[in-house]
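Q: Okay, here's the structure, questions in a sec.
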Amino acid sequence: MASLAPHKADFLRAAIDGGVLKFGSFELKSKRISPYFFNAGDFYRADLLESIATAYAKTIIEAHQSGALNFDIVFGPAYKGIPLATATTIKLGQLDPATYGKTCYSFDRKEAKDHGEGGNIVGAPLRGKRVLIVDDVITAGTAKREAIAKIQKEGGVVAGIVVALDRMEKLPSPDGDDTKPMPSAIGELRKEYNLPIFAILTLDDIIEGMKGLASEDDIRRTEEYRAKYKASD
Ligand SMILES: O=P(O)(O)OC[C@H]1O[C@H](OP(=O)(O)OP(=O)(O)O)[C@H](O)[C@@H]1O
Ligand SMILES: O=C(O)c1cc(=O)[nH]c(=O)[nH]1
């Protein structure tokens, strides 16, 4: 794993060891059969949560330091984004208290609450703030479009998106012909909203890093899958 950045290599090892990244045969939301599957919902153990929060935080710090990302609030879309954004906010404050010690988090409710404090958003108010969305994966981009609309409705400005995995996969062709070149959902979101989008790991990283951690057969099938479904952007 020499060529992967240390935080990416650590994260990949934790994801494979913890059974979060699995190899086999999996049907995706798109109905494609994938030889690998990443389930961020499986990061429920303390050591795994620590590992994913560290990887998100280091990815965010790197993007921030490079000047590609500026934000005030870390936002986790319901439901799986909520613990990810919360843990990432804590980790940002631990890794660099001077810069992130007062960084806030926020998340949405899937259904608005009509009593108590009411509303759609829990955590820091978004009005006038730059909001960074932290979530697990982008598949079609639908959930991210919904999150962007909610943030804008609350007066926030979406500053960027960070996900754990970029599958680098093309969107299904409207006529169902998967041999045609197509862009990725991440690429379409980047263009549509002019947003920076970052991933801890890409499929290229997984293929590079799985050597020595997965069987030859799993590596070959994952490479074949990439060749078949790689996006044009
Ligand atoms: O490409 P996208 O349309 O953004 O879809 C991907 C999202 O969909 C799933 O979450 P879902 O919205 O089902 O909510 P959950 O976190 O409650 O499972 C998944 O965990 C991603 O976050
Ligand atoms: O495309 C999907 O459905 C999908 C792929 C993946 O690796 N992980 C996930 O949660 N969903």
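In case you wondered, yes, glycine gets a Cβ from its N, Cα and C as well.
In case it's useful when we look at the structure, here is the feature table from TrEMBL:
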- 52-179: domain 'Phosphoribosyltransferase' (DOMAIN)
Q: Express the predicted model's confidence over the domain 'Phosphoribosyltransferase' (52-179) as a mean pLDDT, rounded to an integer.
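A: Averaged over the domain 'Phosphoribosyltransferase' (52-179), the predicted model reaches a pLDDT of 94.
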Q: Summarise the domain 'Phosphoribosyltransferase' (52-179) by DSSP state, stating how many residues are helix, strand and coil.
A: 45 helix, 39 strand, 44 coil
